[in-house]
Every structure is written in C-alpha cells, then in structure tokens.
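These notes concern the structure reproduced below.
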Amino acid sequence: MRTATNVISLRGATKQFGGLVAVDNMDFDVTEHEVKGLIGPNGSGKSTTLNLISGALTPSDGEIVLRGTPITGLPAKDIARLGVSRTFQLVRLLPSMTVLENVMAGAVFGHRRRWGRAAEQHAMAILEKVGMARQARAHFSQLTYIDTKRVELARALAGEPEVLLLDEWLAGLNPTELQAGIELIHALRDEGRTIILVEHVMDAIRSLCDSCVVMSSGKKIAEGTPEEVLSDPDVVRAYLGDEDA
Amino acid sequence: MRRKDWQTLGFAALLLLVAALLPLTGDGYLISLGVSIAMYTVLATSWALFSGPTHYISLATAAFFGVGSYVTGSWIEIIPYWALLPIAAVAGGVLAALVGLATLRLSGVYFVIFSLGLAEMIRQVVTWYQNQTGHKGTYVLTDMTDSGIYWQLLGLAGLVYLAGWAIGRSRLGFALRIIGEDEDVARHVGINTALSKVALFVVSGAVAAVVGAIIAPRYVYIEPAIAFAPMLSFQVVIMALLGGTGRLWGPLVGVVPFTLLWEVISASFPNQTTLLLGLSFLVIVYLLPGGFVGLYDRLRARRALRGVPA
Amino acid sequence: MDIIITGLFLGGTYALIAMGLNLQYGVARIMNLANGEMLVVGAFTAFALYSGAAVSPFLTIFIVAPVAYLLNWLIYRIMLRPLVTRAKSRGMLEQDAILTTFGLSFVMVGLMIWVFGGDYFSYSYLARPVVLFGDNYGLNRLSAFIGAVILCTALYIWLNHSRAGMAIRAVAVSPKSARLVGIDVPKLSARAFALGGAVTAVGGAVISTFLTLDASTGVLFTMKALIIVIMGGVGDVRGTIVAALVLGVGETLVASLIDPGLTLATAYALFILILLFRPQGLFGRKSA
C-alpha cells in the first residue's frame, strides 16, 4: 500500500464560512484502488470536505491534487472532466429525463467522453452493473428510493472517473436495501475503483473501507483502518461527547 | 430511427413549400398576415431554442430585433442588401455574447432583469446619439415587397428549424437539457454550463437581429421607439410559451392562433391590449403550464395509460 | 454640489421603493416584477386624493399603506402561494413567478389605463423653493427625502430590534432553519410580501409629489429597484440604501451633465459594473 500512487491528496485544505471554520487544515491521501471512509459526528465537515474535492465549494486555503494535477479552486466542471465524480447527499436525478438519459449525462460529459451509440451502450452496461438495466426507459417518479440512488451512482460511474465520491450514499435505506447497497459498493471495490465515501452506517464502514479519516469540528482527529480508529479514545469522545467518555 | 428522421425532414420541407405558395393568392391582407406569422414563428422558435431547455426567460428579443433593423436602416444606402443580413446576424450575435457573458454565469433572475432593460437601454443610447448628430429617424427605401419579405422569413424559418433539429441531436442540446433540469448536476458531470448557455443565446440573438434586418424595409421609416418597442419581447415569450417549448414545433402552434387572436384584439379593443396581454400570461401559467405541447403530452400519456392493461 | 444633493434626494426615495422589493424577494423569494405598478397605484391614489379632495400626500400614506398591504397579501395568498407549492425546483418557481408577476403587471397597467387614461399626470404640492447651502431645491423633494429617511429608519429599526422583524430576517437567511425554530414560514412570507408591497406603494405616494408619472412608468421603477437590490445585495438593508443613493446621484449626474434621456442607460451601466466586479452585491461577502 505504501508504494501505491496517490490519486487524491489534500494538503492543509481549509474552508471558512465567515467566522466558522468548517474544514480546518485537512491532510490525507487516497491511493489507487483504495476505499477511504470519511466519518465523524454531524456537522464535523465531512460533506464540506467532499464539496471541496468536487469543486462544489472553493477552498479558502490549502491544496488538493488529483494524480499530480492541482485542482484546488477549479470549477466543478473542470474537476469532473479531470476525473472526479460524485453523488449528492440528497439524490439529484434529472427529473424529466429517463433513467438511461440520466446515466448518459455522465457518459457524454464525464472524464471519458462518448457520444451517440457508444454513449448509449456504455450507459446500458453501467445500468446492468447497478441492476437497473430493465428500467432504462423509466422516469424518476416511477423509481423506488434505492433505485434513484442506483441511477445516481450509475451516472457518476458512467464517466469512468479516477475517483468516486459518495456522500452518504447509504443513508435513508431500509435494512434490506442497505444490504443490497453495501453489496453494490463492495462490487465496485472489488473492481478496484478508488472511492471516498462519507458515511454514518458503521457496518458499511467496517466492511467497505480500507482506511478511515475521522473528523470532528472540521479537524482530522484520527486516521487508520476502521478497527484502529473506532477504538481510538479521541474518536469515541468525539462521537459520544466528553461527559460520557 | 434514421428513416423516421428523413420522413420528418421531408414532411417539414413539404409544409414549408406549401407555405411558400401563399403570396400567389395575391391577397395583400393574407400576405401581410403571413409576414406577421412567419416573423413571430422565427422569433418564437429561436427564442425557445435557448429559453425552452434552460428556463431562462429572455426579454431581449426587441433589443436584437432593433439592432437588426438599425443595421438595415443605417447602411442600406452604402452596403448591398444581401450583405446586410449576415452583418445583422453578427451584430446580434456579438451583443448576445456580451450580455450572456456578463449575466449567464449568474442566477436566472439577473439575466431576466438585464434582458428586460436591454432594449430600453439601447433605445436611449441610440436616441441620444441621433440627437447629437441631429436626426430623428432613418428612411429605409427599397423595392422590397411584402412577398419578398415573406419568402425571406420563410427561408429563415427553415434554417432555424434545421438548426434546432441539429442542436436537439447534438451534445450541446443534451447539455442544455441537463442544465435546465439541474445546473449543479450539469456542472458536476463536467458540462461547461456558461459556455453552453451563451452559445445558444448567441444563436437566438443572431436570428432575432436578422429578422429585424429583413423586416426593416417594411417600416419605410424607422426610429428608436419603433425598432426597440418592448412589446415585441413579451409577445414572443407569450407565443412560445402558449405553444410550449418542449418541442421544436411547439412555438409554431402558439404563434398561429395568437397572431390571429391579436389581430382581432388590436382591432376591436385597441385600448385593452396591455390588459389582455397580461391576462394571457396568467392563463398560460395557471391553466396551460407547458403550453399546447404540454397539454398534448399529457393527453397522450393518459391515452397510453388507458391503452395498456394494468 | 446641487447635483449631488438632488441625487441624494432622489436616491432616498429609490431606497424606499427598493426596500419594498427587497422584502419581497429576500424573504418571500418572489421576484415581483409588478412591484413598479404597485408604486404607480400608490402615486395615483395620492394624485387622486390631492387633486380631488386636497388631501396631503403625506396623509394619503396612511390610507395607501394598509390598502396596499391587504392587496399584496391577497396577491400572495391567491396567486403566488400555489406556485410556491407546485414548484419542483427553485428555477421553476422563478420562471413561474416571473411570468405571473409580469402578467399581473400588464393587467394592472391595463386597468389603470382603462380607469385613468394613458396621460401623464402630476400635481403641484409644496412646489416652493428652499435654500440649502446656497442653492435652490424644491421643498417637495426635500420633504419626500425626509419622509423616505423616516420610513427607512423605522423599517430598519423594526427589522433589527423587534421580534417579528427578527423572524423575517431569519426567513430571509434560511427558510429551512427558520421552520425548525418554529417560525411559520408561509405565513411570514405572505406578510413580508404584503409589507414589501405596502412600502413600495408608500414610496409611490411620496415620489408622486415631485415626479411626473403615467400608467406605464411602473416597469422603469421595477427595473431600477431590481438593480438597486442586486447592487446592494439581496436582504441587505444597508446595502440597499447605499446602492439607492449611488443610483440617485449617478442618474442625476448623467441627466444634468449629459442628457436626461439616459437615466436608464446609467442604471444599466452601473448594473453591468456590479455584475462584472461584485456580483455578490456591494457589501456581500464573497461566497463560493
């Protein structure tokens, strides 16, 4: 793992909103084929960190590098083309387009661009992978919740990104769906994709992540394998509060 | 798929050909009505090319139209007429690009406000310039007949439909649809949203300017208050929305009845035109969202639902 | 010097009008393009009452305000609220709101032309000169400015120090969080919209003491108010006032030094500068 190349590196990445420091001096690396968990209590800055990487927000300070190319402060469209794609915390599908068109959006404009038949075939292949091929012509309103999440994931995958950002992709699923969801991401992991996921579901973190970064109040308080960080007293304190620790 | 495309193209060409026969009737009133319908069809369709997918409401049609008529008006004595049309297209396109670059990076509201005042601003500047140089308006004296104007507008309509058809099948068209659905998602899948919007706005601005340049000889005498009349922008918006912007043929379906209705209204209730224009806006928003195209799609969806056994 | 003061006087009244629009856009999130017509309605009322019954425009305000409040409240509840409920996204709401308020603005212009005719109207009220710093100014302009200052100050204090004002500002910042702390957002949005309309109508009554208007001038004021709101920053009272004064002075400068026909062009020139260099407003914080 030491010798693997870094796909994404954050150095001192910081985001301030007025007086509030939402992300404070974040440093971490994500290597090729690694699944990195970003965990921490609510409001600790996980999603903001993801937003800094995807270009939804501009860092106030620090540097973010994608395979040796600095992407700090680039607009989201450029970062997407360079190979970062994401899902959103609240699912965002294109409501009046079909499932296939939603996925084609990723295939046509993403990191590896395709057009016409090639884009359509590629999008179908991805839909097959996430188990949605049969509903390719369906519309957003006809889908169950987990299926909308599958479609959004397929859209993110369709551009063949260097790194995939999942913002609480498993949140809001019922127990059966959750199992299916974890299996799906496991399959992506087995394909060797590089993934950063923000997640609250501990089971998912344990079974999916190679390593985790724990955040609290915008700062990184621990980093290591899920077992290591979840037994770290600082992490326990951050989750449960000082009095209870 | 390919075959159906050819059929559509052939059908459209046939329609255009039939429409081109109108001047042969020799009826002056019919021809003049035809000019109005052709003019609004071109304006509303090119408006919808941009505003349909993006949902950005442009109220700048009058500004581009006015610029186009002034191109003809100012240079008809110096430059041959046929060279004026491309000049108008470039002038309209450049103006649209400037406006687009300044406002389309920002929220839709900024764009609406800007487009709303653009015609008035240019009118003020032109008026001021004319006052400085000491003349009020310009005579546009050509031997162009109404039929000639009509045929030119029909030709332009054909071009606009062809362009719209090509754009609808292109990456740009797909990008614009995504932008209209969710601009954040569009950015995050890697679309250059600002450039895509500006590109289509330039197309619609250039077309409106060419329409202005073609129509100018009909006015004989043009002055800022006529060339930049703000009402035009609103009429175009209403017609396009009445027809529906979801499809290329949508605006046409709005233009024909509205132009005819407006003929009646402005003849019978000349003092209530503003009121009635306002009411038509409200009717579209509350009773006909999506226009006739939306209605047609809803009816078809209902029929399809009934047709398929549950 | 006299240009600057005349400009400030004009800007004071602009501030009042723009505050009305800012309440509507900032809190109720409706870009009300019929705002200028509400102003003209206020002006017409002042004109009718003054020329008909010799009622001072500054008394008319007390009739105009409650009536305009009620009228705008009804407009919000009946016409705009359903749009807010049916909108799937912010963009859709924006489009619907723009079309509806445009329709409304045309309907109002149409009705006013029907009732009052399309002529310019004006009346002479306090048209006496007063001397300030050695120059002559119309007393009506001065009194309008003082009226606007009093109203703006009252509004500012109310927004910043009263409970209701606080709730309104909370909704302006974040409707979602406002709901979480127990604020009835739809109710408050309706009130803010109504209040905004009332403020604008009062501004109309005040402006009618020194400007000549006709039924269709409303849209010019809508545009100016919009430009001021964007220049000053949405929801920013202080920014609105400064932007209004800048616009008032700028317009007066251009009108007296270059040509009176270029006032809107001036407003647009300022607008372009703002869009290009400070799209977040004069005092807005740079956000991502």
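Glycine too: its Cβ is placed from the backbone N, Cα and C atoms.
TrEMBL entries are annotated by machine, without manual review.
It should be emphasised that the depicted structure is a prediction, and the values quoted were computed from it without experimental measurement.
Look at TrEMBL and you will find C:6-23, C:30-50, C:56-76, C:97-117, C:137-159, C:192-213, C:225-250, C:257-277 tagged as transmembrane segment.
Counting only same-chain residues 6+ beyond the ends of the transmembrane segment (C:97-117), those with a CB under 8 A from a CB of the stretch are 30-38, 40-41, 44, 75, 79-80, 83, 215-216, 218-219, 222. Segment contact holds for the transmembrane segment (C:225-250) and the transmembrane segment (C:137-159), given three or more CB pairs below 8 angstroms at sequence separation of 6 or more.
When Cβ-Cβ distances under 8 Å to the transmembrane segment (C:137-159) are tallied for each of C:6-23, C:30-50, C:56-76, C:192-213, C:257-277, the top count falls to C:6-23. Here the transmembrane segment (C:192-213) does not touch the transmembrane segment (C:257-277). Their Cβ atoms form fewer than 3 pairs under 8 Å, with each pair 6 or more residues apart. Within the chain, the transmembrane segment (C:56-76) has long-range Cβ neighbours (under 8 A, six or more residues past its boundaries) at 28, 30, 38, 41-42, 45-46, 49-50, 104, 125, 143, 147, 189-191, 193-198, 200-202, 204-206, 208-209.
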